[in-house]
Amino acid sequence: MDGFRSNDSKQNIDRHSRAEMGSFGERTILEFEDESLVSPVSLNRKNFSIEHSSSLGGGSQKLCYGNMKNRVFHSIKVVVFSAKINFLMPFGPLAILVSSLTGHHGWVFLLSLLGIIPLAERLGYATEQLACYTGATVGGLLNATFGNATELIISIYALRRGMIRVVQQSLLGSILSNMLLVLGCAFFAGGIVVSKREQVFSKASATVNSGLLLMAVMGLLFPAVLRSTHTELHSGKSELALSRFSSGIMLVAYAAYLVFQLKSDKNLYLPVTEEDTEENLDDEDAPEISMWESIIWLFILTIWISVLSEYLVNAIEGASVVMNIPVAFISVILLPIVGNAAEHAGAIMFAMKDKLDISLGVAIGSSTQISMFGIPFCVVIGWIMGCPMDLNFQLFETATLFITVIVVAFMLQDGTSNYLKGLMLILCYLIVAASFFVHVDPASVEDKTRKHRV
């Protein structure tokens, strides 16, 4: 019993001591907290910890802001200030200023034309940067699409003003420019640089593109023949209905061509010389701007080209009268040269690097896209706008396109190129340009005005 009592007393003492220690601990904690509320040392420590954490947060925010700022400056430096051709960029705002102050159509047209040239080239550059992240096949399609964006934007603005002949002739001129001038300069430059042997390219891709171009000629030929022979079932309606039906067929054919190029036969567009493929891939430059920067620049450049295109289209007819140049020559020769500035430079550069398949894809691929997609697309857009855009490009223009396709198809049939072939294509383009300079388009308003003046 005494042992049990002694044990109980010991347990009670332990419990009492633990309770006192717990109460003492609680008091010390409470006292410490109360002290911390009024102690200057503790306040300083708390302030230091808060300031230290806030300074770390502010520093990270400043660091992120600084990195973003440097990234923006680097992107502007690369896109705007790296190319020498960008010295023409101020002509764009100058065209808007001249249009607002004087309204002189000749100067507005010339300044807008010069201002669009670097924008078209930079649009091609941004597309190439984006293509580095998408792969070769999709990148080629992006290059062809945005390479023709300038022509399509100008065409849409011209359709809004009802200038159907300007749309037809500018799209026709873009095809002629790509097939004769761009491809000719690429063959000529490549033949001069690589003069010890003939350059080679894939005959398979050239054959497919030549077939599509001939199909486009067929789509343009029948409405013109139907109109010129006066054999329409319903006068004034059959031609337009046939054009819209043919445009739908051409769009289906182009969609099938895209599927064929992307999925069905991926090896069709591989270069003929695959010996140095890995070395060429290693030697290619890495992208200079990120994917999202490329997309943002594409958006900005497209908007700016759209703004200048409106001023350009509005000044075409006035500039034709002031400079005494036919509208047909302006539409077929001058506008496409500006719109194809990016393709022109890129095709020549790749040909000089002995990458002729890429040059051929840029020049002929762009012509194929305009003929099988751009022209039918404008017919559909005109249909939506209530503008009677058709495929009747008149016999003179259609015959010019037909002969051009035949000449280029003969040049491409053997799969080789040299500087002589390039020179022949350039000379053919000079003949075409001279023909349109002396050609009077009866459907052009300004040509009719010039007749009355004479």
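Cβ coordinates are placed from backbone N, Cα and C, and glycine is handled just like the others.
The annotation transmembrane segment is assigned in TrEMBL to 78-98 (among others). Cβ atoms under 8 Å from those of the transmembrane segment (78-98) belong to residues 104, 107-108, 111-112, 114-119, 121-122, 125-126, 288-289, 297, 304, 307-308, 311, 341 of the same chain, restricted to positions at least 6 beyond its ends.
What TrEMBL records for 106-262 (among others) is domain 'Sodium/calcium exchanger membrane region'.
Among the features that TrEMBL reports, transmembrane segment is placed at 132-159 (among others).
For 171-194 (among others), the entry in TrEMBL reads transmembrane segment.
Annotated transmembrane segment per TrEMBL: 206-226 (among others), in sequence order.
The feature transmembrane segment is assigned by TrEMBL to 241-260 (among others).
Annotation source TrEMBL lists domain 'Sodium/calcium exchanger membrane region' at 294-436 (among others). In the domain 'Sodium/calcium exchanger membrane region' (294-436), the DSSP tally of helix, strand and coil residues is 122 helix, 2 strand, 19 coil.
As annotated by TrEMBL, transmembrane segment applies to 295-313 (among others). Non-local neighbours of the transmembrane segment (295-313) in the same chain are 75, 79, 92, 95-96, 99, 108-109, 112-113, 115-116, 119-120, 122-123, 126-127, 130, 146, 149-150, 153-154, 157-158, 161, 163, 166, 289, 335; each lies 6+ residues outside the stretch with a CB under 8 Å from one of its CB atoms.
What TrEMBL records for 319-339 (among others) is transmembrane segment. Same-chain neighbours of the transmembrane segment (319-339): 104-106, 108-110, 113, 116-117, 120, 148, 150-151, 154, 165-166, 169-170, 172-174, 176-178, 181, 312, 397, 432-433, 436-437, 439-441, 444-447, 449-450, counting only residues six or more beyond its ends whose CB sits under 8 Å from a CB of the stretch.
What TrEMBL lists as transmembrane segment is 360-385 (among others). Residues 140, 143-145, 147-148, 151-152, 155-156, 159-160, 164, 167, 171, 174-175, 178-179, 182-183, 186, 201-202, 205-206, 209-210, 212-213, 215-217, 219-220, 243-244, 246-248, 250-251, 253-254, 257, 269, 340, 343, 346-347, 350, 391, 408, 412 of the same chain lie 6 or more positions beyond the ends of the transmembrane segment (360-385) yet place their CB under 8 Å from a CB of it.
What TrEMBL records for 391-412 (among others) is transmembrane segment.
Look at TrEMBL and you will find 419-440 (among others) tagged as transmembrane segment.
Beyond its flanks by at least six residues, the transmembrane segment (391-412) meets 168-169, 172, 175-176, 179-180, 183, 201, 203, 206-207, 210, 213-214, 217, 219-221, 223-228, 239, 242-243, 246-247, 332, 360, 364, 375, 379, 421, 424-425, 428, 432, 435, 439, 441, 443 of its own chain at Cβ-Cβ distances under 8 Å. Across the candidate stretches 171-194, 241-260, 419-440, the maximum count of CB pairs under 8 A to the transmembrane segment (206-226) is reached by 241-260. Long-range neighbours of the transmembrane segment (171-194) within the same chain, counting only residues 6 or more positions beyond its ends whose Cβ lies under 8 Å from a Cβ of the stretch, are 148, 151, 155, 213, 331-333, 335-337, 339-340, 343-344, 347-348, 350-352, 354, 356, 359-360, 362-364, 366-367, 370-371, 374-375, 378, 393, 397, 400-401, 404-405, 408, 417-426, 428-429, 432.
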